[in-house]
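As structure tokens, the structure follows; a few thoughts come after it.
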Amino acid sequence: MPFTKSALGIVLLLLVAVLWVSSSFLIQYIFGEVNYDKPLFLTYISTSFFSLYLLPVCCRWVYNKHKKLGSTADINRLTEEETAVNIQKEEFSHTADSSPYQVGVLTTSPTELAISSHSTLRNYVLNILQFGLLWLTANYVFNLALDRTSVASNSILSTLSSVFTLFLASYFQIERLSWLKFGYVLLNFVGVVFVTWSDSALRGSRTLIGDCFSILSALLYSFYVLFLQVRLLHSSPLDISELFGWMGLLMMICLVPVMFLWNILGFEKFVLPSFRSSLFLIMNALIGTVLSDYLWALAVVFTSPVLATMALSLTIPLSTVVDNLQGKAFFSSTYVLGAFCVFSGFVGLAWENRKEELSRDETPNQVEESSIE
């Protein structure tokens with residue numbers, strides 16, 4: 001069976017799940033052992049590091065600029081040689097105006113081209129700004145939910161993101177809705193419930209406002225995924241790395257006044273991190289944000305928005321495995337059943353997407369063969 005894009009996307013999602021789990025434990029270490037409990041500043045550092053993806057763009061710009069400057073002398077020489085020819089052409093055009101064999105010319109003026117280019121650039125900036133705000137809001141609301149409800153409740157309700165994505169993708173005609181897909185998503189959700197409630201350490205105080213934040217975060221994450229795939233990746237000439245690079249640069253600028261306001265209001269006092277804290281912040285930004293989000297965005301394109309959001313649930317049993325290796329948790333029968341449901345739902349939906357991709361690839365070949373006959 002051929003190795004398709006969906007198969008590559010599944011491999012990327014599994015890798016991203018491992019990176020997310022590693023990042024979550026690293027964040028816990030930063031907040032706890034390192035004693036640098038600054039979630040907004042951590043978000044700022046992680047988002048700003050997206051701008052590293054602009055380094056190749058800057059290098060290409062410098063190279064092209066240098067190349068143009070190097071060829072200026074040649075252009076001036078060619079311009080002088082063409083001046084005499086243009087004068088002769090102009091004299092000839094005056095005598096040929098009445099000829100019936102005139103050739104059409106380009107009617108678009110440089111001003112119109114400049115206006116069109118400016119409008120396109122403005123649309124790119126607005127789209128990237130909306131994309132960045134969705135990303136920041138979804139993550140910030142998720143952190144608020146963690147602060148106001150139990151980890152178990154937040155994990156379960158956050159899994160609703162795949163349910164929201166399934167129905168929204170069907171409503172916007174991005175992905176076909178079927179009872180089989182809904183069954184796999186439901187099986188995954190039930191598995192998350194079993195896994196989270198099998199660990200007594202995950203249970204804690206629950207509040208209605210915290211649960212509402214969890215549901216809102218799941219909904220925002222669904223819109224983020226659909227916006228990423230439809231509004232930007234399929235309608236913008238920017239590749240994924242440039243997309244994240246420009247978002248990182250914009251958020252680096254826009255979050256500065258937010259941190260200043262949060263410091264004044266006392267929500268989060270700004271404190272410069274120590275050298276040790278800085279190392280862990282940079283490590284988390286590179287692994288848990290720059291690399292993982294880029295690979296996850298590729299997986300969204302290669303698979304489907306629903307499968308990509310379902311990959312979030314894989315982090316829950318994987319986190320329990322890490323806790324078990326550290327002696328902080330044990331595998332109960334409820335956990336084993338829940339983990340089986342989580343991975344079964346993911347594998348089932350992945351297999352369904354793979355079959356759809358293969359059927360799409362076979363359809364053009366069948367049409368071509370019938371036309372030849």
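Any Cβ shown, glycine's included, is placed from N, Cα and C.
Annotated in TrEMBL:
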TRANSMEM  40-63  transmembrane segment
TRANSMEM  124-145  transmembrane segment
TRANSMEM  151-172  transmembrane segment
TRANSMEM  179-196  transmembrane segment
TRANSMEM  208-231  transmembrane segment
TRANSMEM  243-264  transmembrane segment
TRANSMEM  294-318  transmembrane segment
TRANSMEM  330-351  transmembrane segment
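At the 8 Å Cβ threshold, with sequence separation of at least 6, the transmembrane segment (330-351) lacks contact with the transmembrane segment (124-145), having fewer than 3 such pairs.
As a quick check, the transmembrane segment (243-264) and the transmembrane segment (179-196) miss the bar of 3 or more Cβ pairs under 8 A, pairs 6 or more apart, so the two do not touch. When each of 40-63, 179-196, 208-231, 294-318 is checked for Cβ pairs under 8 Å to the transmembrane segment (124-145), 208-231 comes out on top.
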